[in-house]
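Remarks on the structure that follows.
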Amino acid sequence: MATHHRSAAMDRAELFRTVRQATLNHARLLYHRLAARLPHILAVTLLVAVAPLVPPPASLRDWARAHAGLAAAACAGLAAAAYAYAASRPRPVYLVDLSGYKPGPAHEATRAQSIRHFAVAGRFTDESIAFQTRMLERAGVGEATHFPASLLTVPVDMSLRAAREESEAVVFGAVDDLLAKTGARAQDIGVVIVNSSLFSPTPSFTALVVNRYGLRHDVVTHNLSGMGCSAGIIAIDLAKHLLQVHPDTYALVVSTENITLNAYLGNHRPMLVTNTLFRMGGAAVLLSNRASDRRRAKYQLVHTVRTHRGASGRSYGCVTQEEDAGGNVGVSLSKELMSVAGEALRTNITTLGPLVLPLSEQLRFLGAVLLRRVLRADVKPYVPDFKLALEHFCIHAGGRGVLDELERSLGLSAWHMEPSRMTLHRFGNTSSSSLWYELAYCEAKGRIRKGDRVWQIAFGSGFKCNSAVWKALRTVDDAGETNPWADEVDRLPVHVPKVAPIALDDAQHAA
C-alpha cells in the first residue's frame with residue numbers, strides 16, 4: 001500500500017512538472033510576443049487617443065496653427081513610438097552560405113585499415129581490439145572516413161605541433177572556401193566565433209583566424225571550448241545575439257574538433273567507443289544582419305532553443321574527459337547516455353513545440369498527458385508530429401544508436417534520416433560540424449525549396465540538447481565543386497546494415 005501511495009505521488013509530481021513546464025513555455029512565448037509588439041500597441045493606442053482631437057484634413061492646417069503645441073507633442077509622440085517599435089524589433093539573421101571541409105584522399109582509411117592501425121599502436125589488448133572491431137561493425141561508419149595524418153603514422157604523433165597542423169588545415173580550408181563563395185571582405189566581418197570542445201590552444205582559434213585573414217582591430221571574438229558536440233548551435237545562438245547589437249556586419253562561425261590529441265590509446269572500455277566514431281572535419285558559416293543580404297542569403301534563422309541539464313548529476317557525468325588507471329586521457333561515455341539524451345530532447349522539444357507546432361498538436365500532447373496521469377487511461381505517450389511544422393531534419397551524427405532512437409521517438413521516415421545517416425557513413429562523427437555536412441547533403445540533393453524549414457538538433461556533454469530552426473529564403477540546389485558531397489552525391493544514399501562485418505582476413509591481420 002505504501003508503495004502504491006509513493007507511486008501515485010510520483011505520478012502526480014511528474015504530471016505537475018510536465019503541465020507546469022508546458023504552461024511556463026506558453027506563458028513565456030506569449031510574454032515575448034507581447035513585449036515584441038509593445039511599441040506597436042503603444043503607437044496604436046496613442047493614435048486612437050489623439051484621433052478625436054484631430055480635425056478633418058480640410059482644416060488640418062488651421063487646426064495645427066491654432067494648436068501648435070499639441071500638434072508638436074503629437075508628432076513627437078508618434079515619432080518616438082515609431083522609433084521605439086523599429087528599434088525593438090529583432091534584426092533578422094541570415095545565413096549567407098556555408099562550407100564543409102573535405103580532407104584529401106590521403107586522409108581516408110577503411111574500417112579494416114583503422115583497426116589494423118589501432119592494433120600496431122602497441123597499447124591495446126586483444127580484448128580491446130576485438131571490442132573496437134565489434135563497435136565499428138555496428139557504428140554506421142563507412143569505408144572512407146578521414147583521419148589526420150598524425151594518426152595514420154607509425155607510431156602515432158600526438159604532439160601539439162601535429163594537432164595545430166590538423167586544426168589549421170581544417171579551419172583554413174573551410175574558411176577559405178566560404179569567403180571565396182560569398183565574396184565577403186575581411187573588413188566587413190565584425191564577429192568571429194570558433195568552437196572546438198577538446199582542443200583549445202593559445203593563442204586561441206579566433207586569434208588564429210584574425211591573424212590569418214587580417215581582420216579589423218575591433219572585431220568581436222569568442223572562443224568556445226569544452227561544450228561538446230552541441231557547441232555549434234551554441235555558437236549560432238551567440239552570433240544571433242551579437243548581431244542584434246552590432247549593425248550592418250557579418251558573423252563568421254567555425255565549428256571543428258581536433259582528433260590528433262584525442263585518440264584514446266588505453267584499454268578502459270567506456271573510452272574506446274570514441275575511436276570508432278570520431279573523425280576529422282569542420283565547417284564554416286557566414287551569418288549577416290544586412291538587409292541587402294536577404295536577396296542572396298540561403299536561410300533566415302527563425303528559432304534557437306538551448307537546453308542544459310547540468311543540474312542533474314547523472315546528466316553532468318554521462319560524457320566526461322578523464323584519465324584511466326594508466327594515465328591515458330580519453331572521453332568516457334556512460335551507459336546512461338541514451339536515457340540522458342532522451343530526457344534532454346524531451347525538455348528541448350517542450351520549449352520548441354509552442355514555437356513551431358500547430359495548436360492541434362500542442363493540445364493532443366497535453367491531452368495525452370492528462371489522460372495518462374490523471375485519468376489513468378491506457379494510452380501511449382503522444383509525441384507531437386514535427387513533420388507538420390518542419391520539412392528537413394539535421395540530427396547530430398553522434399552514432400547509430402542516437403539516430404535510431406530519434407527516428408523512433410520522433411516518428412521520422414528513412415528519407416528524413418538520410419542526411420544524418422549518410423553523414424555518419426561518409427564522414428563519421430565530426431562533432432559539432434556534422435549538422436553542416438547534413439545541411440550540405442540536403443542542398444546537394446536539391447531538396448531545399450523556398451519556404452522549407454530545417455530543424456538542426458545537437459547533443460553535447462554537460463548534458464545539453466540544442467536546436468536551431470531555419471527557413472529557406474530561396475530554392476537551394478548546390479551540388480557545386482565546393483560542396484563536400486559534390487563527387488559522390490549521385491551514388492547516395494547507400495544501404496547501411498545494422499551490422500556490417502569487417503572482412504575475416506582483415507580481422508586476422510588486425511589481430
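Note: Cβ is positioned from N, Cα and C throughout, glycine not excepted.
Unlike curated entries, TrEMBL annotations are predicted automatically.
The active site annotation in TrEMBL covers Cys229, His308, His392, His396, His425, Asn429. Residues or ranges marked as domain 'FAE' by TrEMBL: 86-373. Under the heading domain 'Beta-ketoacyl-[acyl-carrier-protein] synthase III C-terminal', TrEMBL lists 391-471.
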Candidates Cys229, His396, His425, Asn429 (active-site residues) - the one closest to His308 (active site) by CA: Cys229
Residue with minimal Cβ packing [other Cβ atoms within 10 Å] among the active-site residues His308, His392, His425: His308
List of residues, in chain order, with Cβ under 8 A from that of Cys229 (active site) and at least 6 apart: Ser197, His396, Gly398, Asn429, Ser431, Ser432, Ser434, Ala458, Phe459, Gly460, Ser461
Rounded Cα separation (Å) that holds between His392 (active site) and His425 (active site): 19
Cβ neighbour count within 10 Å of Asn429 (active site): 25
C-beta crowding around His396 (active site), within 10 angstroms: 32
Tally of residues which DSSP labels helix, strand or coil - the domain 'Beta-ketoacyl-[acyl-carrier-protein] synthase III C-terminal' (391-471): 39 helix, 22 strand, 20 coil
